[in-house]
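Presented below is the structure to which this report refers.
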Amino acid sequence: MQISPDFSPLGLGLAVPLIGYVLAEGVWGKRSYDRMRRRRDQDPNALIGMFRQWISGSWWAAALAVLMLLVSPGVHLSDIGVRAPREPSFAIGAVGAMVVAMPLLAWLFHRSARAGRSPSENSQIKEMLPRTSTERWYALAMAVTAGVSEELVYRGFLIALGVDVLGLSVTTAAAVALALFTVGHVYQGWAGMVLVAAVGCSLTYLYLSSGSLLVPVCLHIFIDVLSMVVVPWITAKARETDVVPAGS
């Protein structure tokens, strides 16, 4: 993949708060997650409040990135991955595989939950998994927000900035962006960050190989919806099914 972005002086000026947000996201996310975790059992709105903060922050960063594009005539949509994949059949196949995989994975997670082996039980982020229908809607919004905004900022704009400002190759800029993406998820602990790095590496590969953010965005949303909405919901339903009615 080859790109040649040329950000305007105003665009580079707008990059300063965007980079500041990226560098601070790990600390901010960790503090807000720890605060939510302490209040989770006493405050029914603790998780919702955290999601609201994260969603607003994510869209603020995405809006800032789009503004950088609008004031930089030398940056084309293709420079940030807003284009059709070079191989449309690859994108169609990848999205189709996600659609087919969702019910299969849901069935497997349901069996695991019935057997008492739910993967969410021992997760470092189990406190941010929704317990009510309202929390599930917010988790869904968070999953979609993360899929769009994080791919646009970390995969699209950070790589373009690395190429233009630092003179890095696309591959090196992608590696730096991946490192920042991983650090931004420090609230998940070391094990979680290793998983984030692995997933991020896959998303980066899909972007660089296709030249488009379409497949990474769809896969990112798919993964987050599965882990934050589908698996917790299946686990809760399995527990309800296993409850023996009184008098039986």
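Indices start at 1 and increase along the chain as displayed.
Each Cβ is built from the backbone N, Cα and C atoms, and glycine gets one as well.
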The annotated transmembrane segment range in TrEMBL, which must be one of 12-29, 120-137: 12-29
Residues of the parent chain within Cβ reach of the transmembrane segment (12-29), under 8 Å, 6 or more residues beyond its termini: 54, 57, 60-61, 64-65, 67-68, 71, 153-154, 157-158, 161, 165, 180, 183-187
Contact set, same chain, for the transmembrane segment (187-208): CB under 8 Å, 6 or more residues outside the stretch: 1, 26, 29-30, 33-34, 81, 94, 123-125, 151, 154-155, 170-171, 174, 177-178, 181, 215-216, 219-220, 223
Average pLDDT across the domain 'CAAX prenyl protease 2/Lysostaphin resistance protein A-like' (136-225), rounded to a whole number: 94
